[in-house]
Structure formats: structure tokens, C-alpha cells
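Contents: one structure, followed by commentary.
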């Protein structure tokens, strides 16, 4: 089977590797986003997908606009591909491109459609407190993740799973599900199922404002957003930005690590956003709009991530100090 692979981030790498390892599949070319300047040296850095393609000596196309680039469109028209596989590519394909391959354009999407259509399904699913997610393969149409569904696979989200961890799990699941999808499509063993638009929810591009912690929210809601937007959740402390990397909501002692289950919380309260306890081996405890939140891992501006316990021991925190949105 001849495949053109469209993908960009780390999430897409397991699927590309799985396809490359299959002797019945030929990757004609990889289409990925243009290199981006990153880091202190402002160097051009290739996407994770491009790096794999280069290692495997697969031709790479990087149009700024896949819909308008004449060279890319000519190549795709002449590719004689059986399918275009799209995994977190980052650009919308034109109706012309969607109609080119024999089996269509097959997307590996990081949610259980029609929930969490859009650019950031893994992050928003966790940020909104979902306890289950998964992968959907679908035939792409002109809409944003609106095409008929092919196969689904499910996985639970644990209380302390973050977007990086769930994304890694889904990336591997997507690779397996995509191979099964291609095989069954080729043998006409799948009946595409239309999505119910009434059940749709959305996962838009994440904005910098989404990273800001609102301490008036409940501890559980803040915890979910810290996990979902990992490692970017942000507050202000002593006039400086502070990333919050991991938290523990103290709402249900039974869900806490054993060493915390015996803590007496009955006397802890204070102004929203303030430190109400300093647990030397664990971290500061902060009053939220509803409940208490332990800061388990943080990152001061310009520093490496550190445990909440290290913050307590090394920063001379005091009860009553305020974290600001």
C-alpha cells in the first residue's frame, strides 16, 4: 500500500514508525510543517516527524500552505497513493487533496469523536476533568474533524496523568489503530459512521491566557488545568512568574498518597490564593476558591523544575503569602 504521511509533532511519530516497519506499506513521502526557530540560538529546528523521515531517508515536503503550494500539489496528484494518512499535521487539507487517494485521507485524532474536535484534544480533555479518552480514526472531509468515523480505541485518564503522559499513550494507540484501519479499509471491512454533530465538543488552539491559574476556581479544576496544560500552567509569586507543573487536590484523602492521608486539614483556611500550610517534604498548601491544593512541582523563572518540598525548604516561604493570577 502506497502512503503519503502528513504529520508534525511527537504525537505523530509512533504512527510513522509503525508504518515504516510494515513491509506491506511504502511511505512515498512525508509532508510536515516548515522548520521553526527555537531556543536561545534561534536556530531552525525540524519537526519530530521530519527528523524520523530524514533518518529513514524518506523524501520530505514542507509547504507553508499545502493548499496553495504548486510543487506539493503536483506531487500529490501524481503520487498514485492509496491513502493519505494525517496525524496532527497542523494545516487544513483542501477538498481537492481530500479526493486524491484511492482510500481517502485517513486522520488519527486524539479523542473519542465527536467530542473534542479541534487542535488540542488531549490537553482540553484533561483540563476539563474527563476520566476517559481515546483515539478515533476517520475519513476526512472539508470540516474540522467532522468526517465519518472508522475505528475507536479507549483508555482511562487517572487523577494524576498529565497531557504529556496521556499524549504518549494515545500516540502508541493511534499507531496500532491506524494499521488496523488501513487493513480493514483496503478489504472493505469497515462501514464509516457519520458523527452526531449534536454531541460535538471542541478543543481549540490553546492561548497563553489559558495557562493562567485562577485561584478562585476549585482546587480540582485548577489541578485538571495544570495537568491538561502541562508544563505551562502559570501563576505569579513575589512578582515573578512561577510555573506549576504538578499538584495534589486535597479534597479526597482516600485518593492521596499514603503519607498524606493522615494529615489534619480541618484547621487550614485562608485568603484565596494564599499559603495556608508549609509541608516540608511535600510543598506549600494553597487555599483555592473551593478546597486546598498542594503544589507538588514548580519551576521558578530561569530555573529548573523543583519539588514543592524544595520550594518550601529553599525559598523561606511564609504562611499567608499570596499567589497571584
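Keep in mind that glycine also has a Cβ here, set from the backbone N, Cα and C atoms.
Now, the feature entries from Swiss-Prot:
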| type | residues | note |
| --- | --- | --- |
| BINDING | 111, 112, 113, 114 | (6S)-5,6,7,8-tetrahydrofolate binding site |
Item to check | Near-site residues: (6S)-5,6,7,8-tetrahydrofolate, ref 111, 112, 113, 114, CB cutoff 8 A to centroid | outcome: 109, 115, 116, 117, 121, 134, 136, 145, 149, 152, 195
Next on the checklist: Can you give me the same-chain residues 6 or more apart in sequence from residue 111 ((6S)-5,6,7,8-tetrahydrofolate binding site) with a CB-CB distance under 8 Å?
Outcome noted: 117, 121, 122, 125, 133, 134, 135, 136, 203
Next on the checklist: Using a 10 Å radius around its CB, how many other CB atoms surround residue 113 ((6S)-5,6,7,8-tetrahydrofolate binding site)?
Outcome noted: 27
Checklist entry - Near residue 112 ((6S)-5,6,7,8-tetrahydrofolate binding site), how many other Cβ atoms are within 10 Å of its Cβ? => result 20
